[in-house]
Amino acid sequence: MKFAYRFSNLLGTVYRCGNLNFTCDGNSVISPVGNRVTVFDLKNNKSDTLPLATRYNIKCVGLSPDGRLAIIVDEGGNALLASLVCRAVLHHFHFKGAVHSVSFSPDGRKFVITKGNLAQMYHAPGRKREFNAFVLDKTYFGPYDETTCIDWTDDSRCFAVGSKDMSTWVFGAERWDNLIYYALGGHKDAIVGCFFESSSLDLYTLSQDGALCVWQCDTPPEGLRLKAPAGWKADLLQREDGAERETTVHGKAAPTAEEQQGKVKYSRAAKYFFNKEGDFNHLTAAAYHKKVHLLVTGFASGIFHLHELPEFNLIHSLSVSDQRVSSIAINGSGDWIAFGCSGLGQLLVWEWQSESYVLKQQGHFNSMVSLAYSPDGQYIVTGGDDSKVKVWNTLSGFCFITFTEHSSGVTGVTFTSTGYVIVTSSMDGTVRAFDLHRYRNFRTFTSPRPTQFSCVAVNSSGDIVSAGAQDSFEILIWSMQTGRLLDVLSGHEGPISGLCFNPMKSVLASASWDRTVRLWDMADSWRTTETLALTSDALAVTFRPDGAELAVATLDSQITFWDPENAAQTGSIEGRRDLKTGRKELDKITAKHAAKGKAFTTLCYSADGQSILAGGMSKFVCIYHVKEQILRKKFEISCNLSLDAMEEFLNRRKMTEFGNLALIDQDAMEEGGVLIPLPGVKKGDMSSRHFKPEIRVTSLRFSPTGRCWAATTTEGLLIYSLDARMLFDPFELDTSVTPVQIRAALCQRDFTRAILMAFRLNERKLLQEALESVPWDEIEVISSSLPDLYVEKALEFLASSFEESRHLEFYLIWTQKLLMAHGQKLKCRVGTLLPAVQFLQKSIQRHWDDVSKLCDWNRYNLQYALAVSQQRGLKRPSEPPGSGQEADAPEGDDDSLHLLRRGPGAGDGPLA
C-alpha cells in the first residue's frame, strides 16, 4: 500500500496540438496535451488530467452532445472511446489511417470522421448494448485531396466537409431524394472551416488565403425528401434487425443538368476577404457560434478577428501571441472563446464582451530541467531551458507567477525553509532570489568572473546560498541577507554536478565529474572535512531527510550510499538493467550496447527516508528500498511513440535501401512549412522543421507530505500520488472487528473502542462516522485515551478530511487536542511523523488562506460602508432644512475610492 502510487495530474504543459472543446455547460475546456487530455475547470479554478493515454500525440477530440463520451484519436489513427463521467476507457479502435477531424451529430446518433480524401459516418456508441462500439454506416467520396473540417446542421440531416482541394462538399446523412451530395467551389486555397447557419442549409466556407464565401440554399431543411427504396432488394438490405447496411456515396465535381433537376441548389451570396498582413499570415483556425452569429478566426501571426455574420461586421481584432493560432473553440453561451497556440504551448480563454482573460496559461517553451516542492507541499517551482521560472499550485494545477529575469537556461531551483523565497541558478552566470510575497527578484548573486552555474543549494536556515560552477570547477558561497560573496571553495578538478546541504547540520556535499564527493563544514570556515572517492563521475547527490545518509549517482549506473560522519560506504545499487534506455531513430547501434543514458542523473529520498527515487535518460523511474537495496517498483512515465527513444528496437518498415525514412521531414507542412522545398517555391516557411523530442527525466522530488512525488520530463511535470481507490487496507484486523460491532459501540457511547476498531478496519466512511459521533466536549478525553500507535493514523485521516469536509472547527478541535495530549511523545518520532504533520499543515494552511481572504473582503466592505456613512453624516448638516433628500458620497472622495480601487488584500499573500 505504501507504494501504490498512480498518475495523478499533468502540470507544466497546457496545450500541445489538436482541437479544443468546451463541455456542455461551458464551464470547462478540454485540451489535448501530448498523448493525454486535461480538463480545465474555469468555474472552480482547477485542472485535472484524465488517467488515459494514447500511443501517439492526440490529433483530434470529438465530444458527444450530452458531454458524457469523448472520442480521442491520435496521429496514428488509434481511437479511444472514453467516458468523461467515470474517467475510463470504454473501447479501443483503429481507423486504419490518419484522421484529421471528428464530429458528433447534434442528436448524438451518428459521428463523422475525415480520413484522407473521404468522410466516414459511424453509428454513435452508447445508444444500446452492442458488441462493437464503432459500426460504420456510410463512406462518402468526392474530394480529391485530404479532408480538413466537418460541420453538421442543427437537425442532423446533413453535414459539410472541407478539403485541401479548395472545395466544400455537402452530404446527406440520410438517403435524401433531392440532396445526395453538392460540391461548392469559389476558393483559391485549402478550406480551413465550413459552418452551417442556424436552422438552415445556408453555409459559410473559409480558406487559408483569408477568403469567406457565403452560400445560400434554395431549400429549407424541412424540404429534404426521403428517398423511397428501389424495390424489395433495397428493402431487404435496410431491414436486418433495424440496422442499416454500410453504403458508399460517390460524389461528382460536375453533375449533369438532368441530375440537378428538382434537387437542392446553392448560390454564392457574397464573398469577403480578411485584412491580413504579409504573405505568410494565412488563416489557420476558425470557429462559429450559430446562435450569436459570431465568427472567430485565427491567423499564423497570432492575430484573431471577431466578426458578426452574415454582414461581416468586425467586432474585435487582437493578438494573443506571435505564434500561429492552432485551435479555436466557443462555449455554448457564446461568451468565452478558447485559443490554443501549439508553438509556445499557450492556452487562453477570453471573454470577448468584457475584453478580459478568463484563463491565460503557458507551459515551458523548451524542456523543464529542475523542480522543487515548497516546505508545505502547496507549491511547485520549475525551471526550464527557456530561462523562465514558474510557480505552480498543486491544488489547482495552475501556474500563478512566472519570473523572466534570467537570460539563459535555468539549471537549478529550490525553496528556502520559510517557503516564501525561491533561489534559482542559471547558465547566464547569476543566482537569483525571488520573493513570493511581492513577486519580485530581490537578490542577484554574481561571481567575480563570468561563469556558468550548474546547480544551487540553500541551507536549512535560508541564510547561506551556494552554487556550483560548470567551467571554473568552483563553489561560490553568498549571504542571503547582504548578498555579498562570502567564500569561493576550490578543490574539485571537474565540473560541479550537484550540491546538497545536510538538513540537520551545517555541512555541504558537492559532487563533481572528477569522481569525488567533498563534504564542506560551514562551521569550520568551509574546510573540507571528508573526500569520498567514487568509481566513476558523480552525476547527482542528495542527503536523507534526517541527514544520516548520503546517496550519490555515478556514471557507471550505480547508486552508492555513504555515512557522512565516518565517510564509509554503507551500500550500493546496480541500476544498469533497471534503467532501460530506448533506441533513437537515427542511432547506428542498438539500445542494448549503447552506453549513453545508462546512468541515473537525478535522485530523491522519500519523505520517510526508507526509499529513493532515481531517473535519467529513459522513460522509466525506479524506486528502490534503501536498506534492502532492491527494486520496489518501476514507473513508465510515458507510452507516447511520438517521442524519440521510446522503443528498444527500430521500426523495420522505415528502413529502405535508400536509408531511414525518419530523415525525411514529412510533417513540416502542417506547421506552415514547405512539404518539398523545390527551387522557386515561395509559399510556406523554408526554415520550418519537425523534430521528435527525446524522452528523459530531468528532475525528481518527493512531496514533504510523503503522499506524492513529481518528475520533470519531456511530457511535462508529472504528479504521482497515492491511489485513493484502494478502499480495503486493514490494520491488525481480527474476526471481532466488523461494521456492526463498530456501530454497536457507538450506540453504547463507547467512543474510544469504536474509533480503535474503525482504525483497524480502516474504512474511510466508518472512520468518519466514528469520529463525528463524538460530542465536541468529549474530544479531549477521547484523544488522550488513544494509544500512540493510532495517533499517527488519526492525524493522517484528519489531514485528508480537511480537503473535503465542511466540519472545519470540529476537525480543528480534534487536531488541537491530539497534539496537546501526545505532543511530547510525538517529538521522539519526528522522523516518521514528519510527512503526516506536513500534510496536516498543508491542509490547514489552505483553509487559512481561504478564510483569511474572505475575512479581508468582509473587512474591506465594512470599511467602505463606514467611510460612506461618515461622509453622509458630514454632509447632512449642510443640507437645507426640510429637503428630505439624502446626500450621496462625493465622486471625488479619495478614501472611499482608494478602498474600492485597492480591493481586499491587494499585494498580500501569494494568492492575492
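The backbone N, Cα and C atoms fix where each Cβ goes, and this holds for glycine too.
Among the features that TrEMBL reports, domain 'Small-subunit processome Utp12' is placed at 762-866. Per-residue pLDDT, averaged across the domain 'Small-subunit processome Utp12' (762-866), gives 81.
Per TrEMBL, region 'Disordered' is recorded for 871-912.
What TrEMBL lists as repeat 'WD' is 361-393 (among others). Within the chain carrying the repeat 'WD' (361-393), a Cβ under 8 angstroms from the stretch's Cβ atoms is held by residues 11-15, 40, 344-348, 399-404, 406-415, 417-419, 422, 424, 426, 428, 434, 436, 693, 696, 698-699, 701-705, 708, 710, 712-714, 716-717, 838-839, 841-842, 845-846, 910-911, all 6 or more beyond its ends.
Sequence-distant neighbours of the repeat 'WD' (403-444) (same chain, 6+ residues past either end, Cβ-Cβ under 8 Å): 366, 369-376, 379, 381-391, 450-458, 460-462, 465, 467, 470, 476, 478, 480, 483, 907-910. Residues annotated as repeat 'WD' in TrEMBL: 403-444 (among others).
Long-range contacts of the repeat 'WD' (489-530) within its own chain (CB-CB distance under 8 A, at least 6 residues past either end) are made by residues 454-460, 464, 466-471, 473-477, 536-543, 545-547, 550, 552, 554, 562, 564, 567. Positions annotated as repeat 'WD' by TrEMBL: 489-530 (among others).
If you look up TrEMBL, you'll see 540-572 (among others) marked as repeat 'WD'.
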Long-range Cβ neighbours of the repeat 'WD' (540-572) (under 8 Å; 6 or more residues past either end): 497-505, 507, 509-511, 515, 517, 519, 530-532, 534, 579, 598-605, 607-609, 612, 614, 624, 626, 629, 831, 834
Residues of the repeat 'WD' (540-572) by DSSP state, where helix covers H, G and I: 0 helix, 20 strand, 13 coil
For the repeat 'WD' (489-530), the number of residues DSSP places in helix, strand and coil: 0 helix, 23 strand, 19 coil
